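Participant: Before we start, here is the structure in question, set down as structure tokens.
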Amino acid sequence: MSTKTLAIFTFFSLYVVISSGVVPGQDSNPSNGNANAISRPPAMTSSSQTKQNVVPINRSGTSKFVADFLSTHNAVRLLIGHSPLMWNDTIAYFAEQWARKRVNDCELIHSGGTYGENLFWGGSPTDWSPTTVVKIWAAEKAFYDPKSNSCAKNHMCGHYTQIVWKDTLRVSCASVKWNKGTYVICNYDPPASYLNKHPFGNFCNVLGRC
């Protein structure tokens with residue numbers, strides 16, 4: 001594969017693949033239930049704008065919204081023996097503010113902040129719950145080759161590698177819902193660092209061959 005980064009839908013639409021490994025620079029937009037479908041959300045009308053709802057930050061970290069995001073992320077990480085992520089209100093506030101900026105268009109545009117970032121947009125009437133969204137990202141595991149640290153040709157895997165990135169400690173998310181779909185952003189700290197790095201940390205430990 002070329003060492004040039006591939007042009008992509010921001011940090012999460014397609015991948016940025018570097019010769020040394022995978023960079024999750026992709027965005028999920030399964031408007032028809034297809035986790036790999038990339039398409040622009042339908043334009044919002046004045047009637048749809050009245051039905052938007054940014055899921056509020058739960059400062060105590062005890063809401064079902066928070067619990068579902070955390071438990072699903074951590075179940076994926078547990079499969080390769082990585083420590084669970086924690087919720088952080090500062091990161092949650094950042095995610096919510098970016099979600100609010102996307103209320104008028106639901107575009108899969110990255111914030112450009114200092115956190116790692118996964119974005120998602122799914123059309124109605126599907127109930128795009130936190131659990132469903134994270135499972136869609138995690139399903140990209142099928143397209144990730146740990147040995148070469150790369151994605152299968154014409155497939156995304158960067159959402160998955162960000163979820164399981166060994167050094168990431170915290171995740172927080174926000175969701176915008178309106179009558180035509182759901183927009184989700186999750187931010188990660190520390191972010192995945194891709195150049196000459198492997199998501200699994202010490203890869204031989206994962207394979208059990210050390």
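Heads up, the Cβ atoms here are built off N, Cα and C, so glycines get one too.
Pulled from TrEMBL, these are the listed features:
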- 26-37: compositional bias 'Polar residues' (COMPBIAS)
- 44-53: compositional bias 'Polar residues' (COMPBIAS)
- 64-196: domain 'SCP' (DOMAIN)
- 26-53: region 'Disordered' (REGION)
- 1-21: signal peptide (SIGNAL)
Participant: What is the three-state DSSP composition of the domain 'SCP' (64-196), stated as helix, strand and coil residue counts?
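Facilitator: Counts, helix then strand then coil: 49 helix, 31 strand, 53 coil.
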Participant: Take the domain 'SCP' (64-196) and average the pLDDT across it for me.
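Facilitator: Mean pLDDT for the domain 'SCP' (64-196): 90.
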